[in-house]
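*Asks:* Provided herewith is a single structure, encoded as structure tokens, for subsequent inquiry.
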């Protein structure tokens, strides 16, 4: 379930990256239409991953709650932050929260790096590479957009 959540997370991140780079094509537009639903599905996959890999074993006392491995800390922290995105992924929250909705959903960028650390601290794998490329692309797109705005205002 964690791998599915990771792939959907990267997919949900793509429209913002492409928009900042100025390339908004048909496949990205299709993802944008279903972005909220994909984000909700991603959160549910992540929670199932968390339940099977941490919560259930802790409840069954298979391993102690503390000390928690560093990679698990980043995974749990990601799930907690994603909860706030999950509960505000609806029209009512968008209308009621206003600018705070954007601020809450900016947690996505922190979560992206937490998920990268979660996967990378376990082992280097295709999953850590995929999320690492997505995280680096996110940073590069912000730098590109900011430099482009500077040039346009000059």
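Cβ from N, Cα, C; glycine included.
Grabbed the feature section from TrEMBL, which reads as follows:
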type: TRANSMEM; residues: 6-22; note: transmembrane segment
type: DOMAIN; residues: 27-114; note: domain 'Ferric oxidoreductase'
type: TRANSMEM; residues: 42-60; note: transmembrane segment
type: TRANSMEM; residues: 66-88; note: transmembrane segment
type: TRANSMEM; residues: 100-120; note: transmembrane segment
type: TRANSMEM; residues: 126-145; note: transmembrane segment
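What's the neighbourhood like for each of these?
*Replies:* Long-range contacts of the transmembrane segment (66-88) within the same chain: residues 39-40, 42-43, 46-47, 49-50, 54, 94, 97, 101, 104-105, 107-108, 110-111, 114-115, 117-119, 121-122, each at least 6 residues beyond the stretch ends and with a Cβ under 8 Å from a Cβ of the stretch.
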*Asks:* The transmembrane segment (126-145): which same-chain residues, six or more beyond its ends, come within Cβ distance under 8 Å?
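*Replies:* Sequence-remote neighbours of the transmembrane segment (126-145) are 2-3, 6-7, 9-10, 13-14, 16-18, 20-21, 109, 112-113, 115-116, 119-120.
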*Asks:* How does the domain 'Ferric oxidoreductase' (27-114) divide up by DSSP, counting helix, then strand, then coil residues?
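*Replies:* Secondary-structure composition of the domain 'Ferric oxidoreductase' (27-114): 72 helix, 0 strand, 16 coil.
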